Each structure stands twice: as structure tokens, then as C-alpha cells.
Amino acid sequence: MSEQVRGRFITVEGTEGVGKSTNIAFIQTLLDDANIPHIVSREPGGTPLAEEIRNVLVVPRDEAMCELSELLLVFAARAQHLKTLIEPALEQGIWVLCDRFTDATFAYQGGGRGISVDLISQLQDLVQGRVRPDCTLLLDAPVDVGMARAGARGALDRFEQEKQTFFEKVRGAYLQRVEQEPDRFAVVDASADLNTVQANIAQALIAQIDLYNGGRHG
Ligand code: TMP
């Protein structure tokens, strides 16, 4: 019997209001059309326990959350998500499409809150071992465009309540990640019209599907 080819781990990132949900639904249709078994998940969250931690992270509260608590909660949720959902799926050849992952930690806790990249990298190694996304789609748009869209959705969560300067730092940190790992990222201009955005996403995804099929049949 041939060895099970590992599923591919695809993450979708971006600042608030860049259209992650719409485009994740689009990616699902691409994977369905290609008969690729997959699950869709999100961070923080993805399992009942991790979703409880998400709630603690996103719901606004009177007590200010200190930066280190925020960082550790994000990684606590991630440890649970990886161990109980992501890793078992990938091992069975199932693709995991995840709405945010550790690039968001480098962007929000690193860029936004100013926590050192070294500390985040250490936690990344501790929690994830060698697991990293195979491909990350960064939906990039000017911060004011995304903030206007997020604001139109209704009540703002604890992160969405941050000011524009916070999100400028988050966006800058994402773009820095792209410079450091250009091969892993596909950057899509999310301020373009939806057809153009989705044509660019499809191009990146087809490359991933070809790699996977090469592994399966080769
Ligand atoms: P969402 O709005 O994309 O569902 O994500 C919830 C918030 O969590 C979002 O504002 C970004 C934030 N977040 C972090 O601050 N660090 C992380 O590592 C992740 C995964 C999300």
C-alpha cells in the first residue's frame, strides 16, 4: 500500500475587513471541484476548548488584558487546535484551510502590540514543533478600506476596537513576513474587484493542487 500523502496546510491572513470569509468560501469551491478532501477551521478557535479561549480573547471587557496574557492565550488555543484537529487531519491526507494562524500572532501581537519576534518564535517552536503552513494567502488592502468594511458589520470585538495606527503596524508586520518568506506567501490585492481577487487566489491554489497531485501520483 502506498504511503499516505500529507494534506496541505493553507492559511488565509489579513487585517480586518479584507474579505477572508468570502474568499475562504471561494477556496472551498476550488477544493471541492478538484475533489480534494479538506476541512475549514479558524484561529483563535477550531475546537470547543479553543473556541472558549477565542471568546476570552475577542469579547471586550473592563479589565485590560495584558499583552503576555493575550499571547499565551493565542498559543494555548493553537496547541489544542493543532493536536486535536489540524495534525490528525493532515496526517490522513486531508487539507486544512485555516482562517488565520501564527502569522497573525507575528502581525497582531508582534507588530500591533510590540512583543518581540524572538519570543513569538520560541513559542511557535514549542507549540508547533516543525508544523508550518504550506501556503499562506495574504489578503492585503489599505487599512482604512478594511476598517470601513469591518465597521459596517456591526458591534466591534476587542481587536476591531483598536485604532488605525494599530492596524497599520499589523499590516506592516504581515508585509515583513512576506519579505522574509516570499515562497510561502501569495499576496493578493484585496482592494481590487472580487473577480480579480478570486482569479489571483485561484492561481495560487492551483499551484498547491498541482504539487499535491504530483506527490500522490508521482
Ligand atoms: P477574526 O476577526 O479574523 O475572526 O480573528 C479574531 C481576531 O483575533 C482578529 O482581530 C485577529 C486576532 N488574532 C490575534 O490577535 N492573534 C492571532 O494569533 C490570531 C490567530 C488572531
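Just so you know, glycine gets a Cβ as well, placed from its N, Cα and C.
Database features (TrEMBL):
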- GLY14, THR15, GLU16, GLY17, VAL18, GLY19, LYS20, SER21: ATP binding site (BINDING)
- 12-201: domain 'Thymidylate kinase-like' (DOMAIN)
Exercise. Would you please pick out, from the binding-site residues GLY14, GLU16, the one with the fewest other Cβ atoms within 10 Å of its Cβ?
Key: GLU16
Exercise. Write out, in the order they occur in the sequence, the residues of the chain not among GLY14, THR15, GLU16, GLY17, VAL18, GLY19, LYS20, SER21 that have a C-beta within 8 Å of the mean position of the C-beta atoms of the recorded ATP site.
Key: LEU139, ALA141, GLY146, ARG149, ALA150, ALA190
Quiz item: Non-local Cβ contacts of THR15 (ATP binding site) (under 8 Å, 6 or more apart, same chain)?
Solution: ALA107, ALA141, VAL143, GLY146, PHE167, VAL170, ARG171, TYR174
Quiz item: If you draw a 10 Å sphere on the Cβ of GLY17 (ATP binding site), how many other Cβ atoms land inside?
Solution: 22
Quiz item: Tell me, what is the mean pLDDT of the domain 'Thymidylate kinase-like' (12-201)?
Solution: 96
